[in-house]
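To start, the structure under review is shown below, and the notes come after it.
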Amino acid sequence: FAESMSPAPTDAAADEEQPRLEGLLPGETVVKEGKAAILFPSANEVFYNPVQEFNRDLTCAVITEFARDLLAQRGVKVVVPGEKERVVVSLSEEANEADVQTEEKNGAEEPAVTVTAGEKCERGLRVLEGLAASGLRSVRFALEVPGLRSVTANDFSTKAAALIARNAQYNGVNHLLQASCRDASMLMYEMRGKKERYDVIDLDPYGSPASFLDAAVQAVSEGGLLCITCTDMAVMAGNSGETCYSKYGSVSIKAKYCHEMALRIILHSLEQRAGVYQRYIQPLLSVSVDFYIRVFVRVFTGQATVKNSASKQALVYNCVGCGSFHLQRMGRRTSNGKHMKYSPATGPPVGPECEHCGQRHQLGGPIWAEPIHNLPFVQKVLSAVSGNPSRFGTSKRIEGMLSMVTEELEDVPLYYTVDSLSSTIHCNTPPLLQFRSALLHAGHRVSLAHACKNAIKTDAPPAVLWDIMRCWEKANPVKREKLSETSPSFKILASEPSLEACFTVREDANPQSRKRHLTRFQENPQAFWGPKARAKAGGGISTNLQDKRKKCQNKRKNQITDSSQLKDFPCKRFRQGTCTHGDKCCYSHDLQQTNDQKME
């Protein structure tokens, strides 16, 4: 594990700041990440995934900026080592002087009290990590996030709780971090009182967080921060829509935009659960990363604002033929003088068949249809990370992803992909910049999306997209005679485009994050980097999963070309007593060989 983590400080000052216990237990190893050094037993009795370092780095950065804003209202200034004067990062080539002047003006009146990481702040934040495992995330909070009053690292496993306490002592953060061995939901339910609520609640379960969301939206303070991780991406991306509905109250669709839809499903679920208690959410940052999603939301109380909830949710009509989609809001609000009028939405936005290809529609959702990011807050996090890149081991990737987030269109839910549009009509895929330029020439806005490499997020209706693809097909014709008359491609290409697309590349078609060659997407960091095996109830993690993966890989290598080699393999039908070929069977009927393979 240690090879995949960022190196820890080696100078003498760092050793003095973090006192170490003399000697380790037999078989115990030390894993270093950020400023934390975590003890792990040799048996790996507590779940740990080194690939989630990006998740933990991003969380530390977000909580730091959240603490900076919240504690400034309480007269406390947050100080981060290595951080220079705050200047808003602009993705444009020319700096925005107005933003810089605003930052300098805001910093003119400095609070009287300053606080740094590792210090206990009586007016600081109370943090809960509900599913802490080894306590690595909580230890990093205590060591790297300034302005904390307390950190509670909870886990239902007694072995995990004991390890958390040992790691707190090993890193010298006993004055901030307390280990807890409780059921996470019950712990949060007991802290629902206004004076007992936590300022920050972090939930990073193995799989779905659905069973903890109800308690979390009640136990977070007014304006507090919820940090939620979902690793059940398969369920939320459409592989099991009925399971997704049972957990999150929303039907997922297997579509090209499934990774962003997963983000909007969890936001819908949070808003729905918060609304029961007259609370509502305000998303700060929502990212889809690899095999999981991570959302950061603030929770507020307000009966009047909760009434807007229906108008924030939408159903998705997705065409199974061409992939065109339309959103249907669940509610409608209209201003009536000083009052707001709420009424059911009108619809549906589509007919019985798709107007482009004639196929039927799937119905998914409801999903969150409002912006999933708070751009001013994202800019603050981006400024902090890019101005102090040595703070995190994954700073380059954080900078690249947050840069893409700031470029996304806020008011456009979901996206298309260029390759799926081309695949529908069986033509060559147009270059990304040319397709983006065609949309810009047509007078529409367009952006990339952080959740997919070749995504097209645009306010153009599907009719414009297909007109552009028809124009592209004329320059790159397909063999019409091979297309079925009932296929989506035949029906789309049978119509003439109503606009003349211009594919001349425009300067503004290439976003700044792409021009600057930022690390927007990262290659797989290591072999078997995805979700690890679930920890056993009594402690320990099964090693059979990785062995099974190795056994199932490269199945098609060294394929049998000589039929005589088939005699080395047992006949399954003979084993079941249904083989009728007898001695002429090309597979082996040797029962001893079959039993030997069973033993293996």
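Note that Cβ sites are derived from N, Cα and C of the backbone, with glycine treated the same way.
Region 'Disordered' is the annotation TrEMBL gives to one range among 1-20, 81-100, 361-380, 381-400, and that range is 1-20.
TrEMBL assigns the feature zinc finger to one of the listed ranges (509-536, 565-592), namely 565-592.
If you take every residue in the domain 'C3H1-type' (565-592) and average the pLDDT, you get 80.
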